[in-house]
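The structure under discussion appears below in the form of structure tokens.
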Amino acid sequence: MSTAGVCSAARAGYTILRGGGSSMDAVVEAVSNLENNPCFNAGCGSVLNIKGEVEMDAIVMDGLTLGSGAVSAVCNIANPIQLARLVMDKTSHSCLTAEGASLFARSMGVPEVSPESLITEYSCMRWAKNMAPDANPVESQMGKMGTVGAVAVDSEGNIACATSTGGMLNKMEGRVGDTPCIGSGGYADNQVGAVSTTGHGEAIMKVTLARLILFHMEQGQSVEAASDLGLAYMKSRVSGLGGVVSVDPQGRWAARFSSLQMSWAAAQTETLHYGLYAGEHFTQSLGGAPLTGNHPMAT
């Protein structure tokens with residue numbers, strides 16, 4: 001189910017790029033697709049905090065201008081990634097949180113949904129299980145379907161990233177992880193590339209994982225090598241596990257992870273690439289006329 005979900009999201013982003021849409025349009029569409037899929041820890045599949053409530057975070061970043069928008073601790077919006085984009089496009093700020101984000105959403109005419117509509121049976125089961133005294137929410141989250149994200153390069157050479165999450169299992173009320181933090185949950189720069197991250201938020205923030213990987217790319221490392229270096233450093237330095245999707249301005253991409261598994265998909269020149277476990281790489285034809293420079297990916 002998770003692999004089918006990321007493949008669907010990659011197709012959705014690629015369709016926008018094929019039609020001449022921007023990389024920002026593509027990543028927001030891909031991530032919205034994933035937020036609407038209850039298999040993932042974002043949108044309607046978000047995990048619950050210690051009170052049994054949903055609190056979601058999201059970020060977008062535009063590699064052309066280095067503009068970004070983020071929201072944190074939102075509870076009544078179906079697609080936080082779309083609200084994050086509005087923060088970038090319609091305000092002079094980079095991040096809005098909780099009630100302030102809700103007020104902004106209302107002013108923008110974003111439909112509100114009941115927080116209960118975002119809670120799944122599976123999330124409730126995991127919440128109850130992790131209330132046990134001997135439960136380890138960090139450990140139990142590793143290898144589960146988690147944070148969602150996408151990176152893309154469009155036909156103009158512009159790069160974008162988007163990341164969205166329900167956060168950590170049974171987190172304290174008001175806890176905000178890496179996702180809405182620029183340089184941690186994501187980063188995009190036309191001159192270097194883009195990265196979207198997933199994993200243990202506190203560990204990702206300690207090493208600013210997205211920007212760390214782009215630093216290695218600036219030093220001449222390939223997308224794949226830079227991604228591996230960043231993940232290896234996070235594991236050795238702070239014992240953190242995670243995963244990333246990364247892309248450079250030439251459209252070379254990587255989906256790398258140190259966790260047990262990570263569902264990923266990439267669409268490029270009419271071919272869909274996807275996998276779940278280490279070493280897996282399946283391909284499938286997308287059909288239609290090829291258009292170079294289109295690389296939406298989703299985790």
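FYI, residue positions are counted from 1 along the chain as it appears here.
Note: Cβ is positioned from N, Cα and C throughout, glycine not excepted.
Here's what TrEMBL has on this protein:
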- Thr147: active site, nucleophile (ACT_SITE)
- Arg175, Val176, Gly177, Asp178, Thr198, Gly199, His200, Gly201: substrate binding site (BINDING)
Distance [Cα-Cα, Å, rounded] between Gly177 (substrate binding site) and the residue listed as 'active site, nucleophile': 11
Protein Cβ atoms within 10 Å of Gly177 (substrate binding site), excluding its own: 23
Whole-number Å value for how far Thr147 (active site, nucleophile) lies from Val176 (substrate binding site) (Cα to Cα): 13
Between the residue listed as 'active site, nucleophile' and Gly201 (substrate binding site), the C-alpha gap once rounded to whole angstrom: 10
Cβ-based isolation winner (fewest other Cβ atoms within 10 Å) among the binding-site residues Arg175, His200: Arg175
